[in-house]
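Enquirer: Let me give you the structure first, and then I'll get to my questions.
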Amino acid sequence: MKDIFGLTVEELQEALQPFSLPKYRARQIAEWMYQRGATGFADMTNLSKKLREELSGAFVIGRPKCKDRLDSSDGHTTKFLLEFTDGTAVETVLMRQPYGNSICVSTQAGCNMGCAFCASTLHGMARNLTTGEILSQAIVISDMLRAEGQGESVDTVVIMGSGEPLMNYENVLGFVRLLHEDYVLGLSYRSITLSTSGIVPQMYKLAEEGIPISLSVSLHAPEQELRSTLMPINRKYPLVDVVRAARHYAEVTKRRVTYEYILIDRVNDGEEQARELVSLLRGQLASVNLIPINPVAERHLLRPSAARIDWFEHYLTAHHINVTVRREMGTDIQAACGQLRNKHLDG
Ligand code: SF4
């Protein structure tokens, strides 16, 4: 049976053609799936009983099961392990920030980019997620927030969970476009951020799509050699080309690009790296987000001291680079991406 979760209204209209329904029915069904928590046609009480039975015989609404859930002790962060029908599981995180609810979604089950500091890549990549599977992560959390009854909703989405989103380009774009639709979450493109390890051709392609989402680039080192040791993809798409593509994205979309920089003790937190980072980014419509590393046991990479983090931040500020340090959220619930999934894979 065809899974209709993740279809647009236009795609639904096409799928529903054999039933000769008026066009507005597709929109009603979309609203049930994406805004009203329907997990099956039986829930859709404004459709006739006969129609609900017919649709149940032709389609399924694929939604994941929640296999595990961890709440941080401060109550701000919840991590979910969601399992799809084929048994593939991914992590999705809800962060209750002062400015609203932000969620972080995965785009692939695992990842094969091989970044040295990342738990998501330890088991390689199982597969790309479909548009519906990526969207279902947002809808599961949106339904949960609505059920809590406090009038809360998903306010921002970061595409920064496991996987390299630009290696699953069409499905991720389908997801972004759906998030923006008023029959889904109606999010502005500005409240959606896509994070990439630097897949240069797709960065140029994304700039031309006419969807001005925020772009975040995982930089993590300001020079070629060091970045290649931390991020093997840097051998294929060198640092200078990544920064050039990011600059192009900022020029076309007029959106400030964020460079993510994981601070690792005695690896990339020295004065030399700070100086190189300044010269790489000076004069760009950009900001740097410093992320003191969440230690990954398998990787032996350590977090710098608080004094070192402060020093690095102040060096950038003193040299006119916009900089933020990521608030620590959820370190007590294994917030580094991939860690909860790995726990289940390792048994
Ligand atoms: S940091 Fe992102 S791109 Fe790199 S291995 Fe992890 S999930 Fe993949």
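Each residue, glycine too, has its Cβ placed from N, Cα and C.
Quantities reported herein were computed from a predicted structural model and do not represent experimental measurements.
Quick paste of what TrEMBL says about this protein:
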ACT_SITE  Glu91  active site, proton acceptor
DOMAIN    97-332  domain 'Radical SAM core'
BINDING   Cys111, Cys115, Cys118  [4Fe-4S] cluster binding site
BINDING   Gly163, Glu164, Ser195, Ser218, Leu219, His220, Asn294  S-adenosyl-L-methionine binding site
ACT_SITE  Cys337  active site, S-methylcysteine intermediate
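Quick one: how deep are these features, and who are their neighbours?
Expert: According to DSSP, Glu91 (active site, proton acceptor) is assigned to a strand segment.
Listed in sequence order, Thr121, Ser197, Ser218, His220, Leu230, Met231, Pro232, Ile233 are the same-chain residues at least 6 apart in sequence whose CB falls under 8 Å from the CB of Cys115 ([4Fe-4S] cluster binding site).
Within 10 Å of the C-beta of Ser195 (S-adenosyl-L-methionine binding site) we count 21 further C-beta atoms, all protein chains included.
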Enquirer: Could you list, ordered by sequence, which of these binding-site residues: Cys111, Cys115, Cys118, Glu164, His220, have a Cβ under 6 Å from ligand 1?
Expert: Cys111, Cys115, Cys118, Glu164
Enquirer: Out of the recorded positions Glu91, Glu164, Ser195, Leu219, Asn294, give me the one sitting nearest to Cys111 ([4Fe-4S] cluster binding site) by CA distance.
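Expert: Checking each of Glu91, Glu164, Ser195, Leu219, Asn294 against Cys111 ([4Fe-4S] cluster binding site), the shortest Cα distance is to Glu164.
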Enquirer: Quick check: of the recorded positions listed here (Glu91, Leu219, Asn294), which one has the Cα closest to that of Cys118 ([4Fe-4S] cluster binding site)?
Expert: Asn294
Enquirer: The record lists Gly163, Glu164, Ser195, Ser218, Leu219, His220, Asn294 as binding S-adenosyl-L-methionine. What's the largest Cα to Cα distance among them, in Å, rounded to a whole number?
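Expert: Greatest Cα-Cα span of the listed binding residues: 19 Å.
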